[in-house]
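Below is one structure, written out as structure tokens; comments come after it.
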Amino acid sequence: MINGSIVALITPMNSDGSIDFASLERLVEFHIDQGTDAIVAVGTTGESATLPMSEHVTVVAQTVKFAAGRIPVIGGNGANATAEAIELTKSLSKVGVAGMLGVTPYYNKPTPKGLIAHYKAVAASTDIPQILYNVPGRTAVDMQPETVAELVGVSNIIGVKEATGDIARVKRLRELCGNDFKLYSGDDATAREFLLLGGNGVISVANNIVPKAFKAMCDAALAGNAELALSLDTPLRGLYSTLFCEANPIPVKWAAHRMGLIKCGHIRLPLTELSEQCHGLLIDAMTRAQIEVK
């Protein structure tokens, strides 16, 4: 399965809010050219919460089409209703994804028993590899390593994206889940340490705009070269924090637009475009990361 530098891809939109498929194709080509190891389409950064299911599936399918087998595409299949997640999973199973990424059900705060039942039911609806996704800062539920370990025996649940930023969890997850279970960081700021401690990859927001540099850092960390990984990570650290000066993906879409990667930075309500007070902060962070701003 997929290791390394994985982009949590933005979903480009036109000024009227419709999907900008021409920009989406350019983004896919950009990541292939820059050496990104895989793409996650329509996850959190791809605005999954504001795409209706039919549009969600269409964007993932088009991403797969544009990739044309040159880079693996993982489709987001999370929902806070298990039946809806199963319906989405069945639809995504038909479009050629290499895997799926399922966030823990949000808002309704399931217990560990509920999380286990949810993920087992979703996994049973497909034979495509499933990656669990823990991001309590958004979902209001924190899936503990012990709960993840209960799902290791499900044949097509192959890993977890852990986005708490708690580095101690890497060791605990590895102890409980074994060496074959994939561990992916979902926190750019701690990704280097995560990989050096035995993680397999990073599903990254910053990777949208610094893919070559981010991959170089990931490759160094995966090779165990801590000194090189640190030297490559240091110029990017200001970017990691500034990309969260407002809710993700507001800043990264604005940055991608300023780079000329997408036609406009439109984002769907209830999110709004980046406030002016953040513009200078983000331009400064981009400049320090050696990103050309247009």
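Every residue, even glycine, has its Cβ placed from backbone N, Cα and C.
Feature list (source: Swiss-Prot):
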SITE      Thr44  site 'Part of a proton relay during catalysis'
BINDING   Thr45, Ile203  pyruvate binding site
SITE      Tyr107  site 'Part of a proton relay during catalysis'
ACT_SITE  Tyr133  active site, proton donor/acceptor
ACT_SITE  Lys161  active site, schiff-base intermediate with substrate
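Positions of Swiss-Prot features highlighted on the structure.
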{"residue": "Thr44", "record": "site 'Part of a proton relay during catalysis'", "DSSP class": "coil"}
{"residue": "Tyr107", "record": "site 'Part of a proton relay during catalysis'", "DSSP class": "coil"}
{"residue": "Tyr133", "record": "active site, proton donor/acceptor", "DSSP class": "strand"}
{"residue": "Lys161", "record": "active site, schiff-base intermediate with substrate", "DSSP class": "strand"}
{"residue": "Ile203", "record": "pyruvate binding site", "DSSP class": "strand"}
Out of Thr44, Thr45, Tyr107, Tyr133, Ile203, which of these recorded positions is nearest Lys161 (active site, schiff-base intermediate with substrate) by C-alpha distance?
Tyr133
Which residues in the same chain, at least 6 apart in sequence, have a Cβ under 8 Å from the Cβ of the residue listed as 'active site, proton donor/acceptor'?
Gly43, Gly78, Leu101, Gly102, Val103, Thr104, Val160, Lys161, Ala163, Gly186
Quick check for the class: what is the C-alpha distance, in angstrom and rounded, between Ile203 (pyruvate binding site) and Thr44 (site 'Part of a proton relay during catalysis')?
11
Cβ neighbours within the same chain of Tyr107 (site 'Part of a proton relay during catalysis') - under 8 Å, at least six residues apart:
Asn80, Thr139, Ala140
So if I draw a 10 Å sphere around the Cβ of Lys161 (active site, schiff-base intermediate with substrate), how many other Cβ atoms end up inside it?
27
Return the count of C-beta atoms lying within 10 angstroms of the C-beta of Thr44 (site 'Part of a proton relay during catalysis'), excluding that atom itself.
25
Suppose we draw a 10 Å sphere around the Cβ of Thr45 (pyruvate binding site). How many other Cβ atoms does it contain, all chains included?
24
